[in-house]
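When I checked TrEMBL for this same protein, it listed these features:
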type: SIGNAL; residues: 1-21; note: signal peptide
type: TRANSMEM; residues: 265-288; note: transmembrane segment
type: TRANSMEM; residues: 331-357; note: transmembrane segment
type: TRANSMEM; residues: 363-382; note: transmembrane segment
type: TRANSMEM; residues: 403-424; note: transmembrane segment
type: TRANSMEM; residues: 436-459; note: transmembrane segment
type: TRANSMEM; residues: 480-513; note: transmembrane segment
type: TRANSMEM; residues: 519-545; note: transmembrane segment
type: TRANSMEM; residues: 557-578; note: transmembrane segment
type: TRANSMEM; residues: 590-619; note: transmembrane segment
């Protein structure tokens, strides 16, 4: 078995490589000639300490005569992105030195805002030709490797608690020159911020002249007196821009940004996790197959009545195993919602693997997930109705309405409260009323009708027949051992699925909360397959032990066994909060735990449904394989 696992892992490794190599940037390349105008756009101010984004012009930076918002998709709005024009305008392949952007007077209120954002370590995010600005940094380890940070800091706070503003920006634009012509494509956008207290003899708005720098002298970071943030003072914002030819091709220009994190490369971690789970799966499958075949052979050999009376184990509860559970309507609702999640997840991952949801397609991932969730309402209604009819339910319309509204209503309620808190902080992360209305329209205008269509189609089909008949009088369940108690079994069942994903979970949380790009969807797809297998197998094994101990109440326990992994997901999120994040604000903490609660709840619904369907298939399979008199 170990020998067979090696080529399998190698194939999966190649799949990961190919998914990374096949990269569709999501934007059309643009060619620029010398002298063409390059417009730098400004995005949000972001901080990993507060998790509350703000629009760039929340601070008193230089403003153009007319501020215009770029076209945004739904995902960008939900992420808090607000892309606007700026005063920073370059000419292609034309270097400029000590270019004055503007002079601004810091009022008491403006100075206070700058100090607050410096305290919270806010960063300014800019975009040029769809490339985010990056700050190069030399690592202090033995390798002295060059790494890149997202955006530049608003300013710095000295040890004597003085605040200094980064008012001078040294931009470097890298371009790849066309071999056949004079055109060039932008492949890099870097900045080195610095604080400079500019001096001048007399200010002229039309032709400003500085004594600290001019068109022939470039500012060296750290060589000038820094610009302190003090009320009622004038601050001059300046910038340099240099153009540098590069061998990097346009298709590879995002590599710099995707390698921004430190080198905690998780190739071997994922393969190791995969091998462990594969080994466990093989062991479990072998034990289950041998034991089950022996059980079925023994049961089918019991021909005489005396032997039949001595039957024990899972065959003994054949008259009760398909008895509808308590609150079967709610179970149908959760299973239908889980199918909706599963469909959304699978299709999203396929698009991501093909590169359509790469980081350069800003907001694409969020937009795809929202629309796919809405469209998958059809499958939610269908699967919920099929299960509901199997339980001999009659009020299918009420069941469908609950399927379409139950989970989204809970999530939307939490989201609305969190959004209100963000509104209170005047953050751009707050979803506008118009977008909120659009989400409600997608929910009630598309998702709910599709759920009814799917439910109607599912309920019209003949009911799923049980392999064995159900007795009219329920059988008494014998007293169970402590290790077969529902709470213990359910909590134990969630450990293995969590163990299959927790390594990848670290990188996902880092990308979400530490402002990193997540792009290794090949790894994520493998982990997702491992999760599916693990949830199915652990649920089947524990369900088998439960039936062997003559406990036939397996319906809800199958769902909760795999779904309990969500508890460990949330506990890991708590651990991550206290060990990796530096969030200090109460509102930011509430946002973190609120969003992670939604994520954990969604994970519960997804894994619970996988475990339930695996167990349903298993139970139907074994009871259709034995002779029941």
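In case you wondered, yes, glycine gets a Cβ from its N, Cα and C as well.
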Using a Cβ distance cut-off of under 8 Å, indicate which of 363-382, 480-513, 557-578 has the most pairs with the transmembrane segment (403-424).
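Between the stretches 363-382, 480-513, 557-578, 363-382 has the largest tally.
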Using a Cβ cut-off of under 8 Å, list the residues of the same chain at least 6 residues beyond the transmembrane segment (480-513) that approach it.
48, 51, 261, 266, 269-270, 273, 277, 280, 520, 523-524, 527, 530-531, 534-535, 538-539, 542, 545-546, 549, 551, 557, 560-569, 572-573, 576, 580-581, 592, 607, 611
For the transmembrane segment (436-459), find every same-chain residue at least 6 residues outside the stretch whose CB is under 8 Å from a CB in it, and list them.
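Distant contacts of the transmembrane segment (436-459): 74, 336, 370-371, 373-375, 377-386, 388-389, 396-397, 399-401, 403-405, 408, 412, 416, 419.
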Under 8 Å, at least 3 Cβ pairs, sequence separation 6 or more: does that hold for the transmembrane segment (590-619) versus the transmembrane segment (519-545)?
yes
Going through 331-357, 519-545, 557-578 one by one, which has the most CB pairs that fall under 8 Å from the transmembrane segment (363-382)?
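Most Cβ pairs under 8 Å with the transmembrane segment (363-382) come from 331-357.
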